[in-house]
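Chemist: Before we start, here is the structure in question, set down as structure tokens.
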Amino acid sequence: MSCQLLPVLLLLLLRASCPWGHEQGPRSPSEEPPEEEIPKEDGILVLSRHTLGLALREHPALLVEFYAPWCGHCQALAPEYSKAAAVLAAESSVVMLAKVDGPAQPELAEEFGVTEYPTLKFFRDGNRTHPEEYTGPREAEGIAEWLRRRVGPSAMRLEDEAAAQALIDGRDLVVIGFFQDLHDEDVATFLALAQDALDMTFGLTDRPQLFQQFGLTKDTVVLFKKFDEGRADFPVDEELGLDLGDLSRFLVTHSMRLVTEFNSQTSAKIFAARILNHLLLFVNQTLAAHRELLVGFGEAAPHFRGQVLFVVVDVAADNEHVLQYFGLKAEAAPTLRLVNLETTKKYAPVDGGPVTTASITAFCHAVLNGQVKPYLLSQEVPPDWDQRPVKTLVGKNFEQVAFDETKNVFVKFYAPWCTHCKEMAPAWEALAEKYQDHEDVIIAELDATANELDAFAVHGFPTLKYFPAGPGRKVIEYKSTRDLGTFSKFLDNGGVLPTEEPLEEPAAPFPEPPANSTMGSKEEL
């Protein structure tokens with residue numbers, strides 16, 4: 001120990017005798033570079049605890065990515081992050097992009113509350129204590145636009161008809177705030193929303209001639225679009241003012257096409273639409289007869305604007321995962337399904353008749369009025385479902401087994417693609433083998449991507465639930481360490497663990513978010 005400590009003491013004495021920045025001789029690789037030399041990689045500042053302060057002083061607008069070398073999401077972000085830096089540099093933007101290796105700089109990770117990777121924080125004017133959490137997209141142009149709207153105006157000031165018309169003509173989605181007083185609090189609300197609505201272009205005016213030009217007599221936010229109705233107005237409440245949440249919901253709802261085709265480019269926006277009911281028309285777009293159905297589908301859509309999102313799924317395209325989610329085969333097209341994203345309940349037309357404007361309208365009304373019962377997916381019960389130590393449950397036998405009053409049933413709800421589920425599989429098998437001679441204990445598993453339950457919905461994987469023997473259909477969710485010892489203690493104590501047991505381990509979300517979504521794309525520490 002003393003042999004290791006002596007060089008450290010000598011180094012401290014030498015540093016105490018030399019002013020920082022005036023040391024002579026070459027630096028060792030482990031030493032930090034002088035303050036004026038913050039290293040760069042692909043146009044990105046590489047920061048440490050010694051250089052973050054300097055970067056904040058030199059750059060009034062600094063976006064910092066906290067990453068981990070082993071993080072797959074970080075690796076996917078890296079090229080887009082570098083492209084964004086290049087785009088902003090070409091524009092001579094005041095924004096600088098930087099990164100911090102979280103595991104190598106634990107002091108910084110702790111200081112800024114980093115618990116998952118990647119985490120991005122935006123620092124303004126050297127303020128180290130209150131950075132803004134980055135909430136934008138994970139592709140280069142989206143990153144650049146998010147930053148542009150924070151260092152520049154988020155809405156263009158419109159002075160005349162020509163400027164307004166040029167803005168409207170130049171983009172698919174344009175939002176213009178018509179306010180008689182630009183110093184009103186409602187304008188601040190409008191500009192705050194404009195910072196984050198990156199798929200729309202924003203304008204702002206107080207000019208009376210523009211109010212007259214667009215037929216307005218009071219403060220109004222107008223969405224101009226090059227499809228469907230062409231325009232949607234959101235009048236500002238004269239007493240309550242402009243509510244950020246209400247305006248946001250309005251813009252999201254009316255910026256969606258009345259009918260949207262599901263594909264990799266639209267999926268993220270479909271799930272972000274905040275409309276809980278989605279009506280899906282499954283068609284084979286290579287067939288003329290199927291394409292003709294889209295007309296009637298579109299004619300029904302306006303009646304349910306804001307209540308039901310109308311989506312077309314082409315079974316001839318790469319949409320097998322959507323078919324699987326609804327338990328359908330491509331041969332079932334054309335057919336309708338409605339799903340509520342909050343409850344995950346799915347509905348199918350009862351009569352199975354032709355798809356027409358009238359039948360679509362009637363089906364939507366029936367579901368919204370609670371007149372249609374949801375259907376549940378289930379695989380067939382395997383002949384050998386109870387022959388292995390881990391019993392196989394499906395939708396059709398779950399109730400009978402899980403709520404058997406003579407058995408204590410411990411169930412793993414999993415997804416075949418879930419990494420966490422695969423990691424815990426050996427411990428689950430070992431648990432089943434350990435208790436296979438206990439007649440009152442059943443260890444089971446259920447593929448929750450192929451089987452649905454009326455009793456509850458499964459939202460993450462793995463989900464572990466314990467169904468103790470006795471009346472009352474009691475359910476206890478297991479939220480502790482996933483290993484044989486802790487599982488055993490839980491079972492032996494009747495579904496209870498001592499309070500000092502470790503907290504729950506992470507679970508994968510269900511369903512998995514789209515690859516380009518900003519949600520769910522982080523790795524926990």
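In case you wondered, yes, glycine gets a Cβ from its N, Cα and C as well.
The shown structure was predicted, so the numbers you read here are calculated from the model rather than taken from an experiment.
Residues or ranges marked as signal peptide by Swiss-Prot: 1-21. Taken from Swiss-Prot, the feature domain 'Thioredoxin 1' covers 27-152, and the record attributes it to sequence analysis. Annotated disulfide bond per Swiss-Prot: CYS71-CYS74, CYS418-CYS421, in sequence order, evidence recorded as sequence analysis. Annotation comment: Swiss-Prot describes GLY72, HIS73, THR419, HIS420 as site 'Contributes to redox potential value', evidence class similarity to another entry. Swiss-Prot lists ASN127, ASN284, ASN516 with the feature N-linked glycosylation site, giving sequence analysis as the kind of evidence. Positions annotated as domain 'Thioredoxin 2' by Swiss-Prot: 367-496. The site 'Lowers pKa of C-terminal Cys of second active site' annotation in Swiss-Prot covers ARG482. Annotation source Swiss-Prot lists region 'Disordered' at 498-525.
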Chemist: I'm trying to understand the geometry here, so how far is the Cα atom of HIS73 (site 'Contributes to redox potential value') from the Cα atom of ASN284 (N-linked glycosylation site), in Å to the nearest whole number?
Modeler: 34
Chemist: About how far apart, in whole Å, are the alpha carbons (Cα) of CYS74 (disulfide bond) and THR419 (site 'Contributes to redox potential value')?
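Modeler: CYS74 (disulfide bond) and THR419 (site 'Contributes to redox potential value') have their Cα atoms 18 Å apart.
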Chemist: Would you pick out, from the recorded positions ASN127, ASN284, THR419, the residue whose Cβ has the largest number of other Cβ atoms within 10 Å?
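Modeler: Per the Cβ count, the most surrounded site is ASN284.
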Chemist: What whole-number Å value do you get for the CA-CA distance of GLY72 (site 'Contributes to redox potential value') and THR419 (site 'Contributes to redox potential value')?
Modeler: 13
Chemist: In angstrom units, rounded to an integer, how far apart are the Cα atoms of CYS71 (disulfide bond) and THR419 (site 'Contributes to redox potential value')?
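Modeler: Per the Cα atoms, CYS71 (disulfide bond) and THR419 (site 'Contributes to redox potential value') stand 14 Å apart.
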Chemist: Under DSSP, is CYS71 (disulfide bond) part of a helix or a strand, or is it coil?
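Modeler: Coil, per DSSP.
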Chemist: Compare the C-alpha of ASN127 (N-linked glycosylation site) with the C-alpha of each of the recorded positions ASN284, THR419, CYS421, ARG482, and give the closest one.
Modeler: THR419
Chemist: Give the distance between the Cα atoms of CYS421 (disulfide bond) and ASN284 (N-linked glycosylation site), rounded to the nearest whole Å.
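Modeler: One finds 35 Å between the Cα atoms of these residues.
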Chemist: Count up the helix, strand and coil residues in the domain 'Thioredoxin 2' (367-496) according to DSSP, in that order.
Modeler: 35 helix, 29 strand, 66 coil
Chemist: For HIS73 (site 'Contributes to redox potential value'), what is the tally of other C-beta atoms lying within 10 angstroms of its C-beta?
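Modeler: By my count, 17.
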Chemist: Counting Cβ neighbours within 10 Å across all chains shown, tell me which of the recorded sites HIS420, ARG482 comes out on top.
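Modeler: Of the recorded sites HIS420, ARG482, the most buried by Cβ count within 10 Å is ARG482.
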Chemist: Counting distance between Cα atoms, which of the recorded sites THR419, HIS420, ARG482 is nearest ASN284 (N-linked glycosylation site)?
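Modeler: If we rank THR419, HIS420, ARG482 by Cα distance to ASN284 (N-linked glycosylation site), first place goes to THR419.
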Chemist: Between HIS420 (site 'Contributes to redox potential value') and ARG482 (site 'Lowers pKa of C-terminal Cys of second active site'), what C-alpha distance do you get in Å?
Modeler: 10
Chemist: Determine the Cβ neighbour count for CYS74 (disulfide bond): the number of other Cβ atoms within 10 Å of its Cβ.
Modeler: 22
